[in-house]
Amino acid sequence: MSHLTLQLHVVIALYVLFRWCHGGITSINCSGDMWVEPGEIFQMGMNVSIYCQEALKHCRPRNLYFYKNGFKEEFDITRINRTTARIWYKGFSEPHAYMHCTAECPGHFQETLICGKDISSGHPPDAPSNLTCVIYEYSGNMTCTWNTGKPTYIDTKYIVHVKSLETEEEQQYLASSYVKISTDSLQGSRKYLVWVQAVNSLGMENSQQLHVHLDDIVIPSASIISRAETTNDTVPKTIVYWKSKTMIEKVFCEMRYKTTTNQTWSVKEFDANFTYVQQSEFYLEPDSKYVFQVRCQETGKRNWQPWSSPFVHQTSQETGKRNWQPWSSPFVHQTSQTVSQVTAKSSHEPQKMEMLSATIFRGHPASGNHQDIGLLSGMVFLAIMLPIFSLIGIFNRSLRIGIKRKVLLMIPKWLYEDIPNMENSNVAKLLQEKSVFENDNASEQALYVDPVLTEISEISPLEHKPTDYKEERLTGLLETRDCPLGMLSTSSSVVYIPDLNTGYKPQVSNVPPGGNLFINRDERDPTSLETTDDHFARLKTYPNFQFSASSMALLNKTLILDELCLVLNQGEFNSLDIKNSRQEETSIVLQSDSPSETIPAQTLLSDEFVSCLAIGNEDLPSINSYFPQNVLESHFSRISLFQK
């Protein structure tokens, strides 16, 4: 039974709490009444009596119970009559509490809710003090703050009254702890009277009135400490750099500092002009950690900036006595002030100040020591790094190659192009090779010309040679070319061996027209020799033709076919021979009946004969005749007609 009762109490408490959180306990549909003496809001520490009266139907309650913040009260409950009960609190000190009462009806397993109340205790407001109104630079608002005094614990409102001393117009602004008033709403006057009224359920208090001139309450833009450094001079000093975006020219500032282990601040005062860089010098203890803060105000005014954020700096580890003589510079306007005790207008605690020298820099003073140290450091660094990079370049071949490639890409090509060396020329190496390089490029065929025949000798038929000698030579030559012996016979014609890579080319012939191309020596009569002499007299110069590398090896030797010996000796002719030969040159191109028609000379070698003259260990290219065979035959027939 006790367990069930506890669950019922928890449910009722949760229900009351839920209802109180959503609109207050007074929104409960009460089955009776509940009131507080002296009231629902009362001064903290007073004695309080809370009454509960039931008005339930069909219920004669056995007991009435009180709950505070969900917990059942057991003491100081008095049953006044059958329907009313009271609970008494001595020196109630809780700021907020919610109370409800229940009734125990016969025949019900749970208590019945009667009613509930939300009660509060607090203090009447104190008169606002230290009323201050300022205009932060660039904000566009007048900000008024004050000291509210001790907490009231109950809802307290603060009303700011702003009254113009020129127009007598008064404006009121509702606030809690501070207020921001737009300067646009204060255009009617420059002088105002400001005070604050604090009001709550327990009382009302007014602050002292404040006379305000809008031009005198402007605070410069916030100051910020950017960095600090300790120099390594003979007497080490710490330079603190700070800045502000204020447009006010005349500003008075304070900078306070202390070690992190000390509770006493040392304050340094100086005039500042934020048109220039702000630097403050301090002679501090070595190897110590210091905290710096700065604040400023317009010169001659009473309102200060709030202290800037703490800036921590660690001094160097150098030790030694320091001379407290201030450092002077032609670029610096220096002021010193001795203050035994500082009582800031916005601060209530006295602060100890030491005798310090304030140094304000105008511009950027040049530091000769810093420049010398930087130059010396740079020279030492360069002297060390140059040998290191040189050694790396010497021993790292890939790095050298990479650097060389990048340099060659950046400089003009003509600066590093080598003069061709003929000893290492690819052309010279190609001529020295014994292998044949085929060239199928038809565009290069037109560049080949016939070489000059420097000498043509004819063996007289009167000279008798042994038959064995002729047959042996001819047989050996033909057998080496893998050609049938019966296919060749002696001839008195000039034999041209074409370049196998380029096909046929027009050549000169001395064969009598209409005669047999291959005439046996035994069948030739002496009369034919005379005509032959005349025919050879016409051949003084010969067209130039060019041989490939493979053909040169073959043509550098003397080729003797029967009585005719064609000797090709390169380099044995001179300019005089060429000139004489040009004067005596007779064209081998035969003239037709029409003087304007020119018939070119043709090759007299058949395809079978040319194939026999090729080198045996080479792959023969396709024989590309310059003229079809039927064209050659037609030319041969026409030549025969001309001779007749």
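Using the three backbone atoms N, Cα and C, a Cβ is placed for every residue, glycine included.
In Swiss-Prot, the entry for N-linked glycosylation site among Asn47, Asn396 corresponds to Asn47. Considering Asn130, Asn556, the record held by Swiss-Prot lists Asn130, annotated as N-linked glycosylation site.
For the residues Asn232, Asn262, Swiss-Prot attaches the annotation N-linked glycosylation site to Asn232, which does not rule out the feature elsewhere. Taking H, G and I as helix, E and B as strand and the rest as coil, DSSP gives the domain 'Fibronectin type-III 2' (219-318) the counts 0 helix, 51 strand, 49 coil. Long-range Cβ proximity for Asn47 (N-linked glycosylation site), meaning a same-chain Cβ under 8 A and a gap of 6 or more residues, is found for Trp88, Tyr89, Lys90, Gly91, Phe92. In sequence order, Thr145, Trp146, Asn147 are the residues near Asn130 (N-linked glycosylation site), counting only same-chain partners six or more apart with C-beta under 8 A. Asn47 (N-linked glycosylation site) falls within neither a helix nor a strand when secondary structure is assigned with DSSP, and so counts as coil.
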